[in-house]
Amino acid sequence: MKLSCGTRFAFLVLFLFAAQSVAVYAGSFHKDVQIHWGDGRGKVRDRDGKLLSLSLDKSSGSGFQSNQEFLYGKAEVQMKLVAGNSAGTVTTFYLKAPGTMWDEIDFEFLGNISGHPYTLHTNVYTQGSGDKEQQFHLWFDPTKNFHTYCITWNPQRIIFTVDGIPIREFKNSESIGVPFPKNQPMRLYASLWEAEHWATRGGLEKTDWSKAPFTAFYRNYNVEGCVWANGKSSCPANSPWFTQKLDQGGVDKMKWAQSKYMIYNYCTDTKRFPKGVPAVCT
């Protein structure tokens, strides 16, 4: 079949777009991460490195970390959480810097008793100080199918999204004296571990080890960010996430998620902060 110049050009555009999409979004657990603890309980499940599982039994949990460090970035993965009675387990996806004055940005999924919802716990640490928790229930069962969880971290804000819906925005409020994570490069981590002393209903529900091993699945991992190497970071040119902010549609979606599914907000916890909520909340 002979193609016209216009048709050939259209195919070329589609090919280049597809190639660009692959280059941007095609992460691999084989090349991008290392399973750094768990003694074989973490496993890449396919040849292409798209699917990874973490397991927990009474002896140990497991986890992986990114090979690179980043100073700002967009970290995204699809997860399917431990099904059934997962009380006492914590499944995570987060960014963290080393040291005693570390920065950290957290997605933590606190296990449940069968028939009860998971708790999605979010937090932001700066220079070793956290205490900025917001918690949610989800509008779906996160154990039935894979869902997409994303942290966007740029100089002005941190945005947490679930299936593309913003659930939380933590803005840079240094102008009013609130520290913001901007100086320490962070690695991406994920883990499955046991925290029965606090994870489920404040530790009231203990882990049922007869249900072990507990297994969570990760797929389609991708981090696009400013890679830190030799004491400096190198950012990809013209990355939308570097200046990303919520438009009115995003703000409306976040308000919906928070009004319907938020179960704890440190900004309204007057018992915890009797002298007034943190300045970033005002």
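For all residues, glycine too, the Cβ spot is worked out from N, Cα and C.
All chains included, 18 other C-beta atoms sit within 10 angstroms of the C-beta of E104 (active site, nucleophile). The active site, nucleophile annotation in TrEMBL covers E104.
As annotated by TrEMBL, active site, proton donor applies to E108. E108 (active site, proton donor): 19 other CB atoms within 10 A of its CB, across all protein chains.
Within the same chain, the residues at least 6 positions away from N112 (N-linked glycosylation site) whose Cβ sits under 8 Å from its Cβ are N85, S86, A87, Y118, T119, T200, listed in sequence order. Residues or ranges marked as N-linked glycosylation site in TrEMBL: N112.
Sequence annotations record features per position, and here TrEMBL assigns signal peptide to 1-26.
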